[in-house]
Amino acid sequence: MHRVDIDNERDTMEQPPSPAAEQTLFERRKGRLASKFMLVNISSNLLLAYQSLGVVYGDLGTSPLYVYRSIFVGKLQNYQTSEAIFGAFSLIFWTITLIPLLKYVFVVLSADDNGEGGTFALYSLLCRHAKFSLLPNQQAADEELSAYKYGFSGQSTSCLPLKRFLEKHKKSRTVLLVIVLLGACMVIGDGVLTPAMSVMSSMSGIQAATEHLSHGGVLILSCIILVGLFALQHSGTHRVGFLFAPIVTIWLISIFLIGLYNTIFWNPKIVSALSPYYIIKFFKETGKDGWVSLGGVLLSIAGTEAMFADLGHFTATSMRIAFPFFVYPCLVVQYMGQAAFLSKNIDSIPNSFYNSVPDSVYWPVFVIATLSAIVGSQAVITATFSIVKQCNALGCFPRVKIVHTSKHIKGQIYVPEINWILMILTLAVAVGFQDTTLIGNAYGLACMTVMFITTFLMALVIIFVWQISVAFATSFLLLFWLIEGVYLSSAFIKIPQGGWVSLVLSFAFLTIMFIWHYGTRKKYNFDLHNKVPLKWLLGLGPSLGIVRVSGIGLIYSELATGIPAMFSHFVTNLPAFHSVMVFVCVKSVPVPFVSPEERFLIGRICPRPYRMYRCIVRYGYKDIQRDDGNFEDLLIQSIAEFIQMEAVEPQLSSSESPSFDGRMAVISTRSVQSSSTLLVSEENFGTCSSIQSSKSLTLQSLRSACDDENPQMRRRRVRFRLPENPGMDPAVRNELSDLIEAKEAGVAYIMGHSYVKARRSSSYLKKLVIDIGYSFLRKNCRGPAVALNIPHISLIEVGMIYYV
């Protein structure tokens with residue numbers, strides 16, 4: 001009896017749990033995983049919010065150094081009363097509340113493009129939801145990218161008339177691009193003006209405390225600090241963020257405590273100035289002079305655009321944590337404390353911040369203020385690098401060196417050429433003006449112009465991307481344009497008093513961008529209209545009328561379809577060509593990033609015996625084209641995968657699949673690496689792997705010399721072979737065998753070395769732009785082979801003259 005009970009108990013224990021128990025267990029595990037993920041996500045955002053203090057909010061956080069001094073200049077010096085101080089603080093409070101907090105934190109940060117921000121991110125969103133783009137070589141297959149579909153789907157009927165109008169008129173699309181470029185140029189202008197403004201303002205404290213230090217001495221110290229700041233940029237945003245974040249944190253806490261002390265000690269009634277009633281009272285008293293002083297008020301929000309422009313370095317959530325809960329209260333309390341102090345010490349307005357600091361903490365605050373001013377410049381410098389990279393990817397800026405400074409965060413970059421140009425221009429502004437009031441006039445104009453443009457682009461995003469009613473977008477546009485327009489008009493008044501600098505800088509960069517974009521488009525249109533007819537190739541036969549020698553020729557062109565004229569020029573002047581030809585097009589698409597699984601688009605140009613293929617390599621405007629050394633291997637594997645797919649999937653030729661563009665197929669690198677089409681073996685080899693198997697003694701000696709010069713750079717050599725598969729189609733096997741044999745023979749890169757000239761019948765202005773402007777930029781920027789990481793020893797350049 002006892003044994004039976006044990007057996008029954010054992011049977012009960014071995015019975016499987018009921019479905020209800022399994023469901024409960026699954027929900028518990030799911031809940032634990034969700035809570036762990038939430039904790040990790042929160043901690044990650046908190047860490048990013050902390051880092052953003054050093055990169056994004058440094059400029060905004062140091063504005064109390066010079067705002068009140070900039071407001072009460074000129075004719076407003078006649079209104080230095082406690083009532084005017086109250087009105088100025090009320091203006092500052094509502095300006096910070098309406099624009100950085102309401103507009104940017106709650107609205108603009110929601111308009112990210114796959115996590116990226118800035119004017120080009122808004123433009124990219126618009127180009128994907130309407131045909132606004134002026135980028136060449138765009139294809140229907142690009143719309144199948146996963147990042148391309150980011151945002152709202154569907155189509156609102158209320159915006160169709162406006163959408164059709166903008167799509168129909170090319171001039172309207174050109175105007176839109178110019179507006180975007182103007183915003184980008186103003187951000188670059190900020191990168192010149194912000195360091196000079198912040199550092200010189202902070203250094204004014206040492207002059208106020210020590211009478212023996214002259215203005216020239218302060219200027220020399222400021223220049224030394226500026227040179228050190230730009231020299232530090234190569235370390236990257238990640239390291240700079242961790243280095244600068246503690247400084248800004250201490251600074252914000254310090255100004256918060258000082259502001260709180262001054263409010264309580266000097267004039268607690270300043271709290272009543274939070275009411276907008278004091279703004280009305282301010283303008284009643286000051287009239288037109290008060291309106292002119294708004295150019296100083298807007299400096300309180302200078303640096304706000306960095307929140308959106310630097311979004312790719314962090315996250316929208318981290319920005320929404322840092323600003324409303326930490327930066328905003330610290331700034332409001334500091335401005336309130338300064339106003340309370342000034343209401344009882346009117347004579348201290350010229351040096352309001354340092355005079356409001358208690359004597360016992362003066363020097364520690366001065367040190368922190370100087371360090372924070374250096375940090376304040378970092379926000380706009382970082383934004384400038386991001387803007388230049390985006391302009392370069394969209395064909396609106398000459399090719400420059402892009403250094404990726406973080407292995408983990410894609411958006412963190414450093415541009416050496418731009419960094420040193422900014423340093424030279426910043427030093428020129430500091431030495432040339434030697435007055436923060438004049439620099440502030442230029443600075444304020446640049447900042448408010450960027451905000452004005454962002455408001456306009458946001459209204460278009462609300463209509464075409466978010467697909468909210470046109471009435472709501474119009475209300476948003478009118479509300480913020482009314483606010484920003486008042487500030488912008490005040491800033492324009494001060495163009496003769498230094499404001500012209502931002503206009504000159506923006507016009508110079510805009511001219512460079514427009515000339516480069518114009519020349520690039522003309523060159524592309526020439527290639528497009530002079531393509532080699534496919535009938536001509538078919539008429540020549542598989543041999544193309546020349547000797548086909550073993551090897552692979554990678555022919556680079558900007559054309560996504562057709563055969564470039566360079567190829568016919570090459571074939572008609574040389575008696576031999578490679579047995580396998582691949583026409584490679586490296587292009588940018590209007591998305592921030594393209595995943596490696598979607599990067600390659602492979603197709604065939606002529607029938608199989610020709611052994612001619614096309615490869616389109618797609619990058620987003622934030623992608624970095626790294627030299628990983630495995631491009632050739634990935635390309636061979638992708639072509640092999642395409643050959644295999646073409647044999648088993650007839651729809652490749654009929655374009656029925658949504659992932660194909662004609663006879664082009666998206667080849668995933670993951671499927672390539674896991675595919676059994678080719679067997680791969682690896683061994684270490686030198687840098688000049690593209691000529692490793694050549695039978696030429698000359699090429700072998702070149703390889704040896706190349707390897708001897710670069711002993712530190714050893715790349716892996718990949719060998720391919722066919723698997724033992726009796727069921728493989730003989731034609732497919734022969735084609736794959738030819739591909740492997742050609743790869744073993746070596747790979748050559750063929751590019752056009754173009755000279756772009758204006759036609760003789762062109763206007764004088766066009767000749768000036770093409771023959772002088774565009775030619776100068778092409779000669780002094782990075783070559784296309786360097787930008788594409790093409791090994792110099794394997795490069796063949798074909799000279800071409802483009803008459804556009």
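Yeah, the Cβs are placed from backbone N, Cα and C, and that goes for glycine too.
Remember, TrEMBL labels are computer predictions, not curated facts.
Annotation comment: TrEMBL describes 1-20 as region 'Disordered'.
According to TrEMBL, the compositional bias 'Basic and acidic residues' annotation covers 1-13.
The transmembrane segment annotation in TrEMBL covers 37-57 (among others). Here the transmembrane segment (37-57) has Cβ contacts under 8 Å with residues 237-238, 240-249, 252, 303, 306-307, 310, 313-315, 317-319, 321-323, 326-327, 375, 378-379, 382 of the same chain, all six or more residues outside its ends.
Taken from TrEMBL, the feature domain 'K+ potassium transporter integral membrane' applies to 48-537.
The transmembrane segment annotation in TrEMBL covers 84-106 (among others). Counting residues 6+ beyond its ends, the transmembrane segment (84-106) has Cβ neighbours under 8 Å at 60, 67-68, 71-72, 76, 270, 272-279, 281-283, 285-286, 290, 293-294, 297-298, 300-301, 304, 307-308, 319-320, 323-324, 328, 331-332, 335-336, 338-339, 342-343, 346, 451, 455, 480, 483-484, 487 in the same chain.
Under the heading transmembrane segment, TrEMBL lists 174-193 (among others). When Cβ-Cβ distances below 8 Å are used as the criterion, the transmembrane segment (174-193) is approached by residues 118-120, 122-123, 126, 132, 134, 166, 305, 309, 380-381, 383-384, 387-388, 390-391, 396, 422, 425-426, 429, 439, 442-443, 446-447, 449-450, 453-454, 456-457, 501-502, 505-507, 509-510, 513-514, 517 of the same chain, each at least six residues removed from its ends.
The transmembrane segment feature in TrEMBL is assigned to 213-232 (among others).
What TrEMBL lists as transmembrane segment is 244-266 (among others).
Look at TrEMBL and you will find 291-309 (among others) tagged as transmembrane segment. Within the chain carrying the transmembrane segment (291-309), a Cβ under 8 angstroms from the stretch's Cβ atoms is held by residues 56-60, 63-64, 66-76, 88, 91-92, 95-96, 99-100, 104-105, 108-109, 117-119, 187, 190, 194, 283, 319, 323, 331, 335, 376, 379-380, 382-383, 386-387, 440-441, 443-445, 447-448, 450-451, 454, 486-487, 489-491, 493-494, all 6 or more beyond its ends.
Through the fold, the transmembrane segment (321-341) approaches residues 45-46, 49-50, 52-53, 56-57, 60-61, 63-64, 67-68, 85-86, 88-89, 92-93, 96, 100-101, 105, 252-253, 255-256, 258-263, 265-268, 270-271, 273, 300, 307, 348, 352-353, 355-356 of its own chain, all at least 6 residues removed from its boundaries and within a Cβ separation under 8 Å. What TrEMBL lists as transmembrane segment is 321-341 (among others).
Per TrEMBL, transmembrane segment is recorded for 409-431 (among others).
According to TrEMBL, the feature transmembrane segment maps to 443-465 (among others).
The transmembrane segment annotation in TrEMBL covers 472-493 (among others).
Feature annotation from TrEMBL assigns transmembrane segment to 499-516 (among others).
Taken from TrEMBL, the feature transmembrane segment applies to 536-556 (among others).
Per TrEMBL, domain 'K+ potassium transporter C-terminal' is recorded for 550-802.
For the transmembrane segment (443-465), the neighbouring stretch richest in Cβ pairs under 8 Å, chosen from 213-232, 244-266, 472-493, 536-556, is 472-493. Residues of the same chain lying 6 or more positions beyond the ends of the transmembrane segment (472-493) and with a Cβ under 8 Å from any Cβ of it are 95, 98-99, 103, 107, 291-295, 297-298, 441, 444-445, 448-449, 451-452, 455-456, 458-460, 462-463, 499.
In the predicted model, the domain 'K+ potassium transporter C-terminal' (550-802) has a mean pLDDT of 76.
When Cβ-Cβ distances below 8 Å are used as the criterion, the transmembrane segment (409-431) is approached by residues 116, 188, 191-193, 195-196, 199-200, 219, 222-223, 226-227, 230, 233-234, 236-238, 312-313, 381, 384-386, 388-389, 400-403, 439, 442, 501, 505, 593, 622-624 of the same chain, each at least six residues removed from its ends.
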